[in-house]
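Structure first, commentary second.
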Amino acid sequence: MQLLFLGTLALFVGVTVAVPAQEKRVHHKPDLSDHVHDDAHGYQYDHEAFLGKEEAKTFDQLSPEESKERLGKIVDRIDTDKDGFISHAELHHWIKHRQSRYIKENVDKHWKEYDQNKDGKIGWIEYKNTTYGYYMDAEFDDVDDKASYKAMLTRDERRFKSADRDGDSVATREEFTAFLHPEEFDHMRDIVIQETIEDIDKNGDGKIDLREYIGDMFNPENGENEPDWVTTEKKHFSEFRDMNKDGFLDASEVSHWILPGEVDHADNEARHLIHETDKDNDGRLSISEIMDKMDFIKVSTITDFGTLTEDHDEL
């Protein structure tokens with residue numbers, strides 16, 4: 001029986017063990033990569049930003065010759081004016097396209113599963129029945145951890161109602177996208193903040209103290225020494241996160257932490273890739289410059305949001 005609890009999973013879509021614990025709560029719009037952007041320790045972030053997450057995995061399996069051929073086809077798609085060069089604008093457009101396509105494909109995948117009557121909408125009952133199945137009885141008598149499943153159902157229903165803007169208990173594709181990816185919608189911000197606080201606030205006082213904040217990221221085992229990043233995070237909590245210096249993070253402070261302002265990560269990544277690859281400093285990339293930096297690009301953003309197969313012509 002499926003117990004997907006997508007309401008919670010969707011909040012952390014794109015988060016894997018590759019993400020350091022201290023990064024996992026922050027929602028960018030949307031993530032270019034699951035990896036930290038640190039060229040000193042490798043180019044995996046850039047790899048996934050250029051290629052798209054799924055395409056990057058494909059590249060990892062290709063021979064150098066196959067990689068070069070595949071990369072050439074991607075470069076041809078990015079070069080929309082066909083002048084033989086990739087400009088910042090073209091690269092920025094490509095990366096944003098890969099971001100939006102990732103979300104669309106994720107929604108499409110789940111839409112087929114939840115639209116049981118194939119009417120082009122997903123009702124709350126359809127979602128509940130598909131997700132919880134025979135466990136949907138309010139008492140969850142057949143489940144060992146009844147409290148957890150009751151909480152899951154309550155949380156999913158609350159998020160569904162927030163996404164369902166017309167209040168008819170039926171989600172359009174746009175509303176279902178807001179349900180699965182609430183961090184992408186302004187009207188869902190309060191739900192993202194509320195769910196984050198509920199996850200971290202262990203004593204139920206509606207706030208996050210330092211112990212809870214660190215405990216969400218790091219729990220030492222068997223006398224394990226505290227990593228340096230934990231010390232740094234404690235400093236961040238007191239100096240930056242706790243803006244009113246009362247020793248707690250309230251909803252407003254959590255919002256500043258997990259939903260940072262409108263930083264255009266696609267623009268930043270496009271500039272970074274050009275800076276690293278543009279040998280003649282003309283502000284654009286030639287095919288030879290890209291091929292010369294293939295190892296860098298291969299582990300980059302251009303190739304990574306969603307799969308890019310030879311018969312895709314969506315641009």
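Backbone N, Cα and C define each Cβ position, glycine as well.
Here the structure is a predicted model, which means the values were calculated and not measured.
Residues annotated as domain 'EF-hand' in TrEMBL: 66-101 (among others). On the 0 to 100 pLDDT scale, the domain 'EF-hand' (66-101) averages 88 in this prediction.
The DSSP breakdown of the domain 'EF-hand' (102-137) into helical (H, G, I), extended (E, B) and coil residues amounts to 26 helix, 2 strand, 8 coil. Residues annotated as domain 'EF-hand' in TrEMBL: 102-137 (among others).
According to TrEMBL, the feature domain 'EF-hand' maps to 151-186 (among others).
Residue counts for the domain 'EF-hand' (188-223) under DSSP, helix first, then strand, then coil, are 19 helix, 2 strand, 15 coil. Among the features that TrEMBL reports, domain 'EF-hand' is placed at 188-223 (among others).
Per TrEMBL, the feature domain 'EF-hand' maps to 265-300 (among others). Residue counts for the domain 'EF-hand' (265-300) under DSSP, helix first, then strand, then coil, are 24 helix, 2 strand, 10 coil.
Taken from TrEMBL, the feature signal peptide applies to 1-18.
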Completion exercise
Taking DSSP H, G, I as helix and E, B as strand, the domain 'EF-hand' (66-101) contains 27 helix, 2 strand, 7 coil
